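Visitor: The region 'Disordered' annotation in Swiss-Prot covers 1-27. Taken from Swiss-Prot, the feature compositional bias 'Polar residues' covers 1-10. Taken from Swiss-Prot, the feature domain 'Protein kinase' covers 61-346, and the record attributes it to sequence analysis. Taken from Swiss-Prot, the feature active site, proton acceptor applies to Asp187. What Swiss-Prot lists as phosphothreonine is Thr219, Thr224. Sequence annotations record features per position, and here Swiss-Prot assigns phosphotyrosine to Tyr221.
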Amino acid sequence: MDGPAQQTDTVMAEAAAAQQPAPPSQPVAGIDNIPATLSHGGRFIQYNIFGNVFEVTAKYKPPIMPIGKGAYGIVCSALNSETNEHVATKKIANAFDNKIDAKRTLREIKLLRHMDHENIVAIRDIIPPPQREAFNDVYIAYELMDTDLHQIIRSNQGLSEEHCQYFLYQILRGLKYIHSANVLHRDLKPRNLLLNANCDLKICDFGLARVTSETDFMTEYVVTRWYRPPELLLNSSDYTAAIDVWSVGCIFMELMDRKPLFPGRDHVQQLRLLMELIGTPSEAEMEFLNENAKRYIRQLPLYRRQSFVEKFPHVNPAAIDLVEKMLTFDPRRRLTVEDALAHPYLTSLHDISDEPVCTTPFSFDFEQHALTEEQMKELIYREGLAFNPEYQHM
């Protein structure tokens, strides 16, 4: 898959360099010579990162560099001395303390192990614990990327339309594969779209993903508010792959306009912002909603649809046409990913022979029963052994 040749490396490299905090390929300033201590007979190495133990198998030799820290834990870049590949290793501390978070971790591991696509981030390793009975922290090594779309949008670096178009194409190309696996991502946003200096884009964070045929959807927080479609804002439980398409439309306009399209402070304002742009839906467009949702919309002020072309005069009219078809109120009338890829705006990139699908639908069967903490530990432990069979008898 070839991307835009013009200025690609320079623009992305400069954009990455301009960001705060440092992108994942850069060490955090001031962190040098992190001490390493061999443990468990030399089979593991312990590092002290921000006062936390970071313990990985001995193939991840020094130096190791912290590249991110969040509520989930710490991420470090490390070199796998066996494959000579740099990876981003995420430590999820006390991963089994919260059952919902543990299930998210298990779901992401199983999904990413199932998928194999250029535009979906790959898991390179799941590091087994030194002792099975003391298994509390989960370490997952992903392929290392340079930055994410959120950082690029927030940087002051200009991007050509060619770059934006190529990013959109890759998101849709990856999403076609995801949807063909019978999976909805459900949390697409700029932070979950990773980039490298070649403009390669990879979708990440599948912790909220779900099977498309599932009916009991509303058990967890789904889709960051700004990228949430009307059917979710109105509590429709019967949603489809169209939710991801809406999110992509919002992301693309944010990329073109360098600010969020619908930055709502809460559910109520979020719905108002999107209706101020796309207009109050007709009765026909509300057919899919329940009576309570219809009643709520009818009592709101009447909003007239704005002209996207007039509101965004700097955006290519062909791009506007595509976005308008992705941001339709009625999910049944929203473009599918395949339709979006075939849109005239993407003609220069679209190649159906190079847009693979997943041949085997993903099964969420492991979630059909209420898993205990110990069962989730065992399932993740087995995934680690699949990468590291030599640690079977530790």
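Residue numbers in this text run from 1 along the chain shown.
Placed from the backbone N, Cα and C atoms, the Cβ positions cover glycine too.
Map these features onto the structure and tell me what's around them.
Guide: The Cβ neighbour count for Thr224 (phosphothreonine), using a 10 Å radius and every protein chain shown, is 16. DSSP assigns Thr224 (phosphothreonine) to coil in the three-state reduction, outside any helix or strand.
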Visitor: In whole Å, how far does the CA atom of Asp187 (active site, proton acceptor) lie from that of Thr224 (phosphothreonine)?
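Guide: About 6 Å separate the Cα atoms of these two residues.
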